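Reading through the structure tokens given below for one structure.
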Amino acid sequence: MSVQVVSAAAAAKVPEVELKDLSPSEAEPQLGLSTAAVSAMAPPAGGGDPEAPAPAAERPPAPGPGSGPAAALSPAAGKVPQASAMKRSDPHHQHQRHRDGGEALVSPDGTVTEAPRTVKKQIQFADQKQEFNKRPTKIGRRSLSRSISQSSTDSYSSAASYTDSSDDETSPRDKQQKNSKGNSDFCVKNIKQAEFGRREIEIAEQEMPALMALRKRAQGEKPLAGAKIVGCTHITAQTAVLMETLGALGAQCRWAACNIYSTLNEVAAALAESGFPVFAWKGESEDDFWWCIDRCVNVEGWQPNMILDDGGDLTHWIYKKYPNMFKKIKGIVEESVTGVHRLYQLSKAGKLCVPAMNVNDSVTKQKFDNLYCCRESILDGLKRTTDMMFGGKQVVVCGYGEVGKGCCAALKAMGSIVYVTEIDPICALQACMDGFRLVKLNEVIRQVDIVITCTGNKNVVTREHLDRMKNSCIVCNMGHSNTEIDVASLRTPELTWERVRSQVDHVIWPDGKRIILLAEGRLLNLSCSTVPTFVLSITATTQALALIELYNAPEGRYKQDVYLLPKKMDEYVASLHLPTFDAHLTELTDEQAKYLGLNKNGPFKPNYYRY
């Protein structure tokens, strides 16, 4: 039997094939029909375009017997070898599938015709139509940024953590929320996220052994009984473990965030559900920031007697608005270099009226948090926000303190070409000995791909530097304050800001050049990523011991000045973390201790020792 196969548009182009006894899936590749030929066989969806007739040479014959779709494969078009091996399950028609999913009907006389085809329609869901065909009726700046790329930028990506409901766009200050106990003394984004936040806190507890050890100690004594601590720090799962530890030690706490972008909303909700007065949410405005601090301090029937600060904003606010509170405050514990600098300024001016503990310069903070935490989190923050590859990139790191050292080491290990700027000749020499080229920022600003500040200073990167940067240069800050980069100078009419991701802005110049600004110049790692919990355990334990020390110190031990944590306490913090590594300390013999002039139980180094 001879079978002739042809399409109306490409009859002469159809190659000869042999049809064997194969399954439809196996037979499809054997048909050898070109895409054009197959397309020509299929009638246009909806009957085709009546205003675009086929050329005369390709038009089908006039209607008549054997014409129409069934005639697209007529015996007169051409010949193919006899299909001797084809099996027929139907005595009248044999179905054979084409490549495009249509069917050919083989009649008893050998004519192959195209079967009527079912047009497949893709179901469009309502939300899909809105996303692609409509502009959302209500888009806030933050909701739009989340919808663009939530999973790669948010610190904890989860449907439980972020919602796109209209309620999410309502300011927490305008909401009336209560926890399960009916308490409303808090202000968070959404109290319903508490369960998710509680799971994050429980995970963090597994990596914070020292704080958990302090809680066990609290079962027998309450060293912070009667303490009323007002705190202003980053509100993360690690901070929550610290706050609950302080509560277990007997303290009452009220808390606000020290950074408008670093708060984990679900963690804040979990703390509020547990009864902690927390006033913080991710994405606060400047007005919200100070309002939250004021709500922690200005409370009827409650007055703080201890301050735990990170950056000095809480201390500054109390000095400015409620100076009389310092009559009952026993001390200040400050974590960051920015806040410590402000404390030393107050002390130098004779305005510091209570003792202050400088946690930032303690050994356990400097050598662990500032170095190891930043070494890991700088890469995490950059990767989540930009998806960049580090190998071969030219990076300038401004400042070679412990934070700068960690950033440089991480980037160098990933293959980046790293430059360093520094004002201190000792730190500068360290950078050179570590293999980094010491430069002035002006010397490399036109060529670098990334600029990272970690100095604790102001206007390290000026508008002049920003104007001279190359197109698509990434600019970010690893210091506490948002003053290191002169972001204010970029808010001018001639420059255009585009939010492309959460915490990622393109600042565009009139000539089309743009820079990529991360977290609006605020702390990159806690605004855009996460930090290693174990390292933060060391810092949080140091803060807790500093609070215990100042609160219980006899009158006269500490004057109105700034102090470092006693060396013995630094060593105690370190010892609490050693069991995690199954580490075993060597003990001095009596003879060795006498020879070194040390107590067998420490401290083992003098205060002037540089680790």
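All positions are counted from 1 along the displayed chain.
Any Cβ shown, glycine's included, is placed from N, Cα and C.
Here is what Swiss-Prot records for this protein:
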BINDING   Thr236, Asp310, Glu335, Lys365, Asp369  substrate binding site
BINDING   336-338, Asn370, 401-406, Glu422, Asn457, 478-479, Asn525  NAD(+) binding site
COMPBIAS  1-14  compositional bias 'Low complexity'
COMPBIAS  40-57  compositional bias 'Low complexity'
COMPBIAS  68-78  compositional bias 'Low complexity'
COMPBIAS  135-144  compositional bias 'Basic residues'
COMPBIAS  145-164  compositional bias 'Low complexity'
MOD_RES   Ser2  N-acetylserine
MOD_RES   Ser107  phosphoserine
MOD_RES   Ser149  phosphoserine
MOD_RES   Ser152  phosphoserine
MOD_RES   Ser155  phosphoserine
MOD_RES   Ser158  phosphoserine
REGION    1-184  region 'Disordered'
REGION    2-109  region 'LISN domain, inhibits interaction with ITPR1'
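Nearest Cα neighbour of Val403 (NAD(+) binding site) among the listed binding-site residues (Asp310, Glu335, Asp369): Asp369. If you draw a 10 Å sphere around the CB of Met478 (NAD(+) binding site), it holds 25 other CB atoms from the protein chains shown. Across the fold, the C-alpha of Thr236 (substrate binding site) and the C-alpha of Thr338 (NAD(+) binding site) stand 20 Å from each other. The Cα of Asp310 (substrate binding site) lies closest to that of Ser336, out of the binding-site residues Ser336, Thr338, Lys405, Glu422, Asn525.
Over all protein chains present, the Cβ of Val403 (NAD(+) binding site) has 28 other Cβ atoms lying within 10 Å. Across Thr236, Asp310, Glu335, Lys365, Asp369, which the record gives as binding substrate, the greatest C-alpha separation is 18 Å. Note on proximity: among Glu335, Lys365, Asp369, the binding-site residues of the record, the Cα nearest Lys405 (NAD(+) binding site) is that of Asp369.
When the binding-site residues Glu335, Lys365, Asp369 are ranked by how far their Cα is from the Cα of Asn525 (NAD(+) binding site), Asp369 comes first. Using Cα positions, the member of the binding-site residues Ser336, Thr338, Glu422, Met478 nearest to Lys365 (substrate binding site) is identified as Ser336. Distance between Cα atoms for Ser336 (NAD(+) binding site) and Asp369 (substrate binding site): 11 Å, as a whole number.
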